[in-house]
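Copied over from Swiss-Prot:
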type     : residues           : note
DOMAIN   : 112-397            : domain 'ABC transmembrane type-1 1'
TRANSMEM : 120-140            : transmembrane segment
TRANSMEM : 149-169            : transmembrane segment
TRANSMEM : 248-268            : transmembrane segment
DOMAIN   : 474-700            : domain 'ABC transporter 1'
BINDING  : 510-517, 1135-1142 : ATP binding site
COILED   : 701-734            : coiled coil
TRANSMEM : 771-791            : transmembrane segment
DOMAIN   : 777-1060           : domain 'ABC transmembrane type-1 2'
TRANSMEM : 815-835            : transmembrane segment
TRANSMEM : 904-924            : transmembrane segment
TRANSMEM : 977-999            : transmembrane segment
TRANSMEM : 1002-1022          : transmembrane segment
TRANSMEM : 1025-1045          : transmembrane segment
DOMAIN   : 1101-1336          : domain 'ABC transporter 2'
Amino acid sequence: MFTKILKKFFSSYEKLKDNEDENEPSSNSTNNFYKTCPEDNSSKWSKISFNWVTKLIMKGYLKESLEMNDIYDLPELNKVQTTSKLLEDIDLSNNSNYTLIKHIYKKFLPKNKYALVSNLFIIIFTFLSPICLKFLINYISIQDENEKSILKGILLCCLLCLCVLGQSISQELFYWFGIKNGFDVRGALAAKIFEKTLKLSNASRKEYKSGKIMNIMSIDVANISEYFWTHHINIVSHFIQILSLVGLLCYVVGPSGLVGFGVMVIALPINAMLCAKSSNYLEKSLEYSDSRTNLTSELITNIRPFKMYAWENFFINKIDGQRKQELKNIFLRIFYSILDHMMIETNATLVLVSTFATYSLNGNTMSLDVTFTAMTIFSKLEVPLIRLPYDIFKAIGLIPSVKRVQNFLKSSESLKYNKNFKNENQKITTTKENNNQHGQDNDIIVENCTFQWNEPENNNIFELNYGDNEEEENQDESINKKENDNEEFNYKLKDINLIVPKGKLTMICGVVGSGKTSLIFGLIGEIYKLNGSVSGVPNNISFTSQQPFLLSASLRENILFGNEFDIERYKKVIESTALTKDIVNLAGLDLTEIGERGINLSGGQKQRISLARALYANSDCFIFDEPLSAVDPEVASHLFDHCIQGELMRNKTRILVTHQLQFIPYADHIIVLNSNGQLIQGTYQELNEKGIDFKSILKTKEIKKNVENETDSEELIKNEIEIENEIIDVNNAISDKNDPNLIEKAKLLVKEDKNEGEVEFNVYKKYFSYGSSGVTLFITISLFFVGQAIFKVSDFWLTIWTERSIEGKSDSFYIGYYLLIFGTFVVILMIRILLLCRITFNVGKNLHSALLKSVTYASCRFFDTNPSGRILNRFSKDTSDIDIHMFDILTEVSMCFSELTIGLISIVFIIPIMVIPLIILSIAYYILQRLYRPSARELNRWESITVSPIFSLLQECYNGLLTIRTYKQESRFIKEMFDNININLGCFFYSFAVHRWVSMRLEVMGWIMVFFTSLIATLFISNNGLAALSVTTALSLNGYLSWGIRRIVDLEVKMNSFQRIQSYIEIPKEGNKLVSTNSNEVDNHTIKDADLVNWPNKGIIEFKNVEIKYRPNSEPNLKDLSFKVQSSEKIGIVGRTGAGKTTIASSLFRMVECSKGLILIDGIDISKVQLQKLRSSIGIVPQDPFIFTGTIRSNIDPFNEFTDFEIWESVEKVKLKDAINSMPLKLETALQENGDNGFSYGQKQLLCLCRTILKNFKIILMDEATSSIDYHTAQLIKQTIQENFKDCTTLTIAHRLETIIDCNKIAVIDSGQLIEFDTPSNLMNIPNSKFNKLIKSQTDYNNNEKTIINK
């Protein structure tokens, strides 16, 4: 009822305010904020009282929620675009570990002038308060009522309360100005880290994985920015307060005060040691946190292959190992923090006891004014005494974070960001005319270059390599010497000399692992060049990698890639890349969201979108790294004729890396690399004359090229792609952005859930259920109240001591009992903190374990609809909140409310009439917290949610660094990141503004409480001792009012992190659980593993009317699919790219469940087989090769099931023995994520094949297993497969028809349907069969036909 009245009242107020603000100017910001910050145009009084925040408070209260468009824009001075400029001129070239922190002090401290002034007033009022209290207690102590002037008493009360109010206002303004400064540091550092991420070299990326960078941006930047809130000023301020208050103490109690000060000084080194220990364990915990986050990121990014290999448990155990070490160091950090806290509490009392004992033993009388003034001074001293070690701890804890950020900012960058590299590429070599290669102007010329992936020992390579020829010769000798001395220098390419003619098509080919990708990376400055020169490389380059980089955005946005939309060019690009049919089949046409890394597209579709992006960019130079291997022959021919050789690229410089040698004769220039990295170059005719027999390589008599009489492309017979483009109008592929139905269909990513309203009791109950029983929790909470009650007894005992209430007792009696009371308090304090530590530690441990298992066992649909950055946010920031912050917050909330409760009871016990003002204040307190909490809670929730886009973009850009840099799109992504950071900082900014709003009002309420208590005690309480005690108690409670409500909201905020984690723990699991918490817990419809011991033993596969949908309301990807595979049969699956071939593989592994129909293996419905059993029973060589962080051995045999001999035998079968033997540590060589530091793309495919050969599977599925391998190696691997898999049922998905030509049967898939299924010979005998056309479209037609006839 009371709440309804409040809402009705404030609703009227809100309408009045809306009328006043109708003409309020709107912001031009492009983000979701819609109004300028009210602080900019507010009066001085409004700024001091924070009245400018009131409207936002009212909105949150009346709506019980806040949306993004309710939040004001960030002030221009605090936006990242402004603050990041302060770090632009930082010089990190020296070896000092403190360069960054010095620069921050230099640039940001001048902005803190208002905070410094506010802090000065805090010091002044802190010093004056005890003096005013001394005068007031002196007045109270006057025994003769006739000597007391009521007016004087009132004036003394007002003077005391004025000091209290002045200190409170100064404190709030100090926090506000200080936090704004730290806030600026946070934004500037986050911006700098992202800018650096976009420049990282390949060598730096080995050390700095995306997970580690996320931790640096979230945890380390937060540590640094929090230090610059107030701690950097408080270190000096608190020291000054301690000295001034100790001086005042000496004034009150004489030299006895120095004894207490001495005790305090003696304890400080112990505090410092404990702080250092705690900081040391914090640094270690951050290292393990980095490792854990990196592994988690790897798991989430590669979740599909992990599931297909049934390796979830293996990687969960790997992550758990890092988590255990992280938790161990977190516990030790908290333990030493507890000891430090105990020392502070003990020290504060020992200082008081030693001072009073010395004062009494020296013959002085303990009077009220001395006792309670000293108590107040000690109370005032307690704050800097507690906070100074904490400030020092923050400063010490800052060091590892500063080092981590600084080391990251100092890490090596891609060479293209070096001005020497830029200058070199912009000039043509002056000695070109003396070179026997005779390059023309604007040709790309590489002279005497040595390229390597790893960072050289002397990473200032430009100073080494630029100069005259004599210096270069000396450099060559130096390099060769180093190579002999250090086996870690593994040069992939040495002494490279080549020309890429301008405006021509240059093809690069060679055996797998010969260095083709390394060569093009060297051209664009992505690997290290130790000597020689590269010139003529255009500034404007389009690039496609073997693993296409796709944004989590619409298909159109991926093609445009930041360029303006030109509809005519866009249409031509879609037709040239054969995307028309694919786009028309998508639910939202070209506006369809394609998911992170193109997760809902086939490999061929992803490659064609990457090609379309390159084509649309209209660059001067195009570099394609094996784009044609991912598509079928028909599409490959179309892409070559209409894209690579088409009108949009005509007369442009094109470099094509390919194993598709049927296109070699059409090249203007050819570069052939052998296995030693040596190259031969020339035209097709010149290379034939040099002995390069392409005819023997291609195994065909049909390959010819007559340069003078090249066949005109317009005379070629139209293939099916061209017919499709004529039938399907390209306009049908372009969607209307204003069509709401289409936009809804186009969406893939789900909106991140935001909790609404108050945190319910059940949420707290659920949280504590992870950490303890109800009994343990009850005991812990009770001990907080019991402890504070005992502590309050010690204050009453001081009053008894002062008044000598017990006759005939000496000072030692009072001191003894005082120490006994305090000793009891210390014991209870230790027990309650250790119990709470144990509870929060167990919560963190159990919660992360549950989260990891839940996410790992979630369906693939979950990963399709949630970007990896959003998921990782649960494992980084949210987990950090639970691990680190919850213990501190719960401790402070418990202490605050137990202190408030016991303190208020004490005041009412002494002054019963105080019940009336306290009831009035309680009502006001209730109203304030009701107004404040909704806005504070919602702003903090938005702050948590708006972190996810930052992490998602960081993860995405990290994965696509090469593409982003090559297309020179850094500025676009920096702008997007700056907008994301500003949105997040905006929530953070107004969250603190709301805190200050309520704190200011609560401080005023506290001032009112102090005023009434001191006034009533002064005028109406006859017992002078109790009167003095009530005043000092009211003074001590003043800060608890605002502190308590702020910490309550902080608790709700951290509970929001818990709720976000809990929501992921409760997500549906895929199919039948892989691992149950109870091993006997099996679905009633699931077949137990015990009944499938030897399954499958025949390998018979049957699809019965199978229908597969990736989205509930989308068109089926497989339609009414039915076929049967007999035991040991070899089935080849072919079809146009995007036809549904890989979906067949996914359905066999139940990566996506059948919406209709059945899949049977040896007569058993696989939907009733537990996923762990199903997936571990089928071998897979995936379309995208999968290498995880670890050794070569662990990648081949993660469970240590095989001997060295067996592993080497399988390695030799896949032709990787020489490559692995050339590595320093052989099988123990460490590979980074994706294996980029050790293997080429083709070699990674062979490594995946090695895993499958090693295990004895009855059913094996190969999805484009040799697509990126040269023809010769592919033939050897084909023979290996035939020998090792002869007794296995094999399904082979391939675009190279020679790969599947020996299969027993061929399944031809088109648009998700099985259109042909028969033996190769039978299908060849049908003139118009799809398979017949595919065979004839291949270069190796005669050889394939002969193979079929022989069979």
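Heads up, the Cβ atoms here are built off N, Cα and C, so glycines get one too.
By number of Cβ pairs under 8 Å, the transmembrane segment (248-268) is matched best by 120-140 from the list 120-140, 771-791, 904-924, 977-999. By number of Cβ pairs under 8 Å, the transmembrane segment (1002-1022) is matched best by 149-169 from the list 120-140, 149-169, 771-791, 815-835, 904-924. In the three-state DSSP scheme, Lys1141 (ATP binding site) falls into the helix class. Counted as Cβ pairs under 8 Å, contacts with the domain 'ABC transporter 1' (474-700) are highest for 1101-1336 among 112-397, 777-1060, 1101-1336.
Summarising model confidence by region, the domain 'ABC transporter 1' (474-700) averages a pLDDT of 81. Counting residues 6+ beyond its ends, the transmembrane segment (771-791) has Cβ neighbours under 8 Å at 821-822, 824-825, 828-829, 831-832, 835-836, 838-843, 846, 894-895, 898-899, 901-902 in the same chain. Below 8 A, the CB atoms of the transmembrane segment (904-924) and the transmembrane segment (149-169) form no more than two pairs separated by six or more positions in the chain, fewer than 3 in all.
Counting only same-chain residues 6+ beyond the ends of the transmembrane segment (149-169), those with a CB under 8 A from a CB of the stretch are 48, 121-122, 125-126, 128-129, 132-133, 135-136, 139, 1000, 1003-1004, 1006-1007, 1010-1011, 1014-1015, 1018-1019, 1031, 1035, 1038.
A Cβ distance under 8 Å defines the sequence-distant neighbours of the transmembrane segment (1025-1045), meaning residues of its chain 6+ beyond its ends; these are 129, 133, 136-137, 140-141, 160, 164, 168, 368, 371-372, 375-376, 379, 795-796, 799-800, 802-803, 892-893, 896-897, 899-900, 903-904, 906-907, 910-911, 914, 925, 928-929, 932-933, 998-999, 1002-1003, 1005-1007, 1009-1010, 1013-1014, 1017-1018. Of the listed binding-site residues Gly510, Gly1135, the Cβ environment within 10 Å is emptiest of other Cβ atoms at Gly510. Counting only same-chain residues at least 6 apart in sequence, those with a Cβ under 8 Å from the Cβ of Ala1139 (ATP binding site) are Ser602, Ile1309, Asp1310, Ser1311, Gly1312. Note on Lys516 (ATP binding site): other Cβ atoms within 10 Å of its Cβ, all shown chains, come to 29.
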